[in-house]
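Look at TrEMBL and you will find 178-201, 213-231, 243-262, 282-301, 313-331, 404-429, 441-467, 507-526, 532-556, 568-595, 601-620 tagged as transmembrane segment. The feature region 'Disordered' is assigned by TrEMBL to 477-500.
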Amino acid sequence: MSSAPQHASTALPHHEDGLVVAGPLDATAALAVPLDYPAPERIEQQLESETSPLLPAPSSARRPWWKRPSIWWALPLATLRMSTIAMQLPAQIDVLTRMACRVHRPDIAIELGLPLLNAPGPQSITPSAYHPIALSDILPAFTQLSFDVSAVKSSNDSAPEERTPAQLCAKDPTVKKAVASMLTVLTSTGGILTMITTGWWGQRSDMWGRTTVLAVAVVAMAAGELNMLLVANFGDFLPGTSYWWLLPGSIILGILGGGSGTPSLQAYLSDVVEPSATAGVFSIWGGATFGATAIGPIFGGELIKWTGTSLSVYYFSFAVNIFLFVLWAFIVPESLNPSIRKANRDKYDDARRRNEETRPKPTGSLMRLAWYLNPAPLLELVTPLSICLPRLKDRNDRSKGYDWNLSFAALSYICLVIVSGGTIFIVQFMQFEFGWNAVQIGYWVGFLGLVRAIYLLFVLPAIFAWARPKPPAIALPGPEDQLHGSESSPVAAPASRPQTPPSLDLAVVRLSLVGDALTFFAMVVATSLRQFVAFSMGLALGAGLAPAFMSLALALSPNGAAEGGKLFGAFGVMTSFGAEVLGQWVIGGIFIATLEVWPRAFLLTCAILLALAFSITLLIRLPRPVSATSTA
């Protein structure tokens, strides 16, 4: 199945749909159109095409509404699931910080059940250049929200500032490095395994049904949350460094294909609506996830304030995922007809049997081991990237050279997703630099999601509507033309809706990259918390990057929409590998290495990568449009 790739926003950490619960959580992942994880080509080509009639049989119309597959099953459940994913982001850094503090700073005697900013303890530290202040002092929209934070102190006050145990932990260099290391290892581990297994789960969606795979994806999420709760509550009884026992949650999530939930959900929606209504349904889905991403962190912050512990978010999310599992596994009607599922299973088995028969039988022990391991599926993970390689402009005339446009677009996109994968460290930076707790971070994430939603829903569409070329007026034949007309006279075809020109997509990409780069530069030079938070709202400018990149890539592809599925699959692989692996290694490594020297170095790195992405787009040369007069 083909789908548009997931959005690679630089606003928040990215992960495809099923996020690594014990790793960085991406509150914005679901604001994007889902990724496509193409199955191995030899088998995928023989599965049922999505052009087959997947809509329910006419007899299903006589069933009660709750027994018929419908978007009204999928959309509310997807929105609820995304709300729980978004609300975990603020609490995650808090919980990981407390886990690391219990290991590396047992003298502080921090407890996981305490709020991040509680009554000041006996410890004190020398005041730094930044002091925690009420978020309502920065964003007037939050004046009605209460924050349990310490008052702003004068920078000239030489007396030591009272700090809570949690604040002491957040500022300890050893604890900060441990948290950053956890985020890097957990996310990259889950991301690599998800890349390997999602194609396999995508095939099972065609053979077993959409609801089955969606139920498994929910189980993967619940397993990660349960792993977090067990380690948080019983970490003192575990051997070794307790927080590394979070790794099984990431491994389970990757093996169970947690990221397969979004493509399967998109397939469910595609099954139950007519092809002409698919775009509208996905627009509704996008709007619902916008609201979930904005409201989820705020709700999570209020839940933490009410219960007094960040773990309450994980208890709530675990209960919600158990509820969703029951619905997907036993109640929600399956959208894919049983006959199609059986046909897909038969064709898959036949293709696998033929593949086994054609493979040469090994003779030696090492050859037999290699035969059983069969690295072909791993190699097929990167085969979609071949579409981004430079192509001859004219196969019959090599002197015209190669077309590098799509390759340049892919390189620029990789720089973007590396940045998107490393922005989880902004949350950790705000915690130890400004003393923010999970509640305050939740409000910040929610407000950023709201700004991003406004930009995507209203500002960016208005820009496209204003810049899109107007359709030419239709010249109707006059009386004289009707009298002297002949059968050979051309008849004007009805004007179709004007398409977005590639030049407009390229302009949006370039301007968005410049806006994001300037935003990161501004956060580097910010001299106060108020400036830093205000500048961080500029991260919403990158919300339109992924849709514009996809539209531009289609325009630059020689075959256009005819190879859209393969193209989206290539960008999906780049998104997964760039955000969940390279982003964690590059940005996370710099963050860990510079914590004690200059903790803002990772922000400067993000700005440089975005500037590099912009520079690469300057190498793209759009083909000149063929004028109507030249073709006449």
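The backbone N, Cα and C atoms fix where each Cβ goes, glycine too.
TrEMBL: automatically predicted annotations, no manual curation.
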Seg_contact(the transmembrane segment (532-556), the transmembrane segment (282-301)) with at least 3 CB pairs under 8 angstroms, min sep 6: no
Stretch contact, the transmembrane segment (213-231) with the transmembrane segment (313-331), Cβ-Cβ under 8 Å, 3+ pairs: yes
Candidates 178-201, 243-262, 282-301, 441-467; stretch with most C-beta pairs under 8 Å toward the transmembrane segment (507-526): 441-467
Contact ranking winner - 178-201, 243-262, 313-331, 441-467, 568-595 against the transmembrane segment (282-301), Cβ under 8 Å: 441-467
Distant-in-sequence neighbours of the transmembrane segment (313-331), which means Cβ under 8 A and at least six residues beyond its ends: 21, 66, 77, 80-81, 84-85, 87-88, 90-91, 95, 211-212, 214-215, 218-219, 221-222, 225-226, 228-229, 232, 300, 303-304
